[in-house]
Amino acid sequence: MTAKWDEIDQCAQQWIREAGERIRASFAEKLTIETKANANDLVTNVDRGIEQFFAAQIRRRFPDHHLLGEEGFGDPLEALDGIVWIIDPIDGTMNFVHQQRHFAVSIGVFADGVGQLGYVYDVVADELYWARKGQGVWLNGAPLSRLRPVPIAESVIAVNATWLMENRRLDHRPLVRLAKEARGTRSYGSAALELAYVAAGRLDAYLSPRLSPWDFAGGMVLIEEAGGVVTNLNGAPLDLLGPNSVLAAKPGVHEEILQRYLSR
Ligand code: 2AM
Ligand code: CA
């Protein structure tokens with residue numbers, strides 16, 4: 001497969017900025033808000049419109065590529081053969097609806113399952129986190145530093161408060177201990193942004209017991225290119241075709257969380 005990565009990257013950057021403009025313009029219009037799996041799982045006409053925009057652009061320009069998207073306008077994929085775009089049109093929809101900030105467009109482009117390009121675009125801050133395999137990670141055109149280990153006692157860990165109280169997905173007690181032993185915890189409500197912050201060194205780790213591929217695909221490419229580590233909460237590689245738990249962190253921090261806080 002001879003993929004034209006310069007061309008793919010140019011298109012992705014252009015489309016993601018255009019998507020951002022459309023989302024910012026939507027603030028002036030009335031939102032249609034619906035719920036999906038439960039009352040707090042929100043989707044709007046804008047989420048759908050933006051994913052349809054990407055689907056139309058990709059199909060027109062790259063008819064042999066595949067698309068996996070949160071809102072279902074992509075292709076029914078059973079394998080990762082060829083070039084696959086994994087897109088979340090708005091990650092952090094609750095923030096989009098309630099705050100009109102702290103949400104992102106997330107894109108990962110994979111070739112036969114290997115991450116080649118990653119984008120997380122913070123629409124309101126106008127910050128584009130970008131990585132291309134072998135070319136480093138960049139924030140609005142400025143290179144980001146390679147990630148280095150730090151002690152847990154000096155780490156800022158991103159975790160949603162839900163996972164620090166009794167819940168049905170994981171044993172919260174070791175995570176409470178992690179929260180106590182870390183320097184601090186944060187929760188931003190957008191997995192894509194939290195992963196981008198790990199890639200940028202603003203956070204030392206992020207974890208969640210359940211994310212979908214579109215939540216983490218773009219951020220995973222960023223972090224791996226920055227020298228960080230992304231696995232599930234058991235330390236195994238992520239499956240890009242289904243839901244996963246996620247532990248993303250600086251090297252060293254990742255191992256220490258796995259060994260001291262997550263293994264039973
Ligand atoms: P969304 O805003 O696109 O729905 C919130 O903590 C983060 O987790 C957001 O990135 C949100 O994505 C994602 N998220 C929330 N509930 C989820 C679920 N049930 N499955 C997968 N991802 C979820
Ligand atoms: Ca999402």
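The backbone N, Cα and C atoms fix where each Cβ goes, glycine too.
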One of Glu70, Glu181, Glu194 listed by TrEMBL as binding Mg(2+) 1 at the site of Asp88, Asp91, Asp215: Glu70
Listed binding-site residues (Asp91, Asp215), ranked by Cβ neighbours within 10 Å, top entry: Asp91
Sequence-ordered binding-site residues from Asp88, Ile90, Asp91, Asp215 with Cβ under 6 Å of an atom of ligand 2: Asp88, Asp91, Asp215
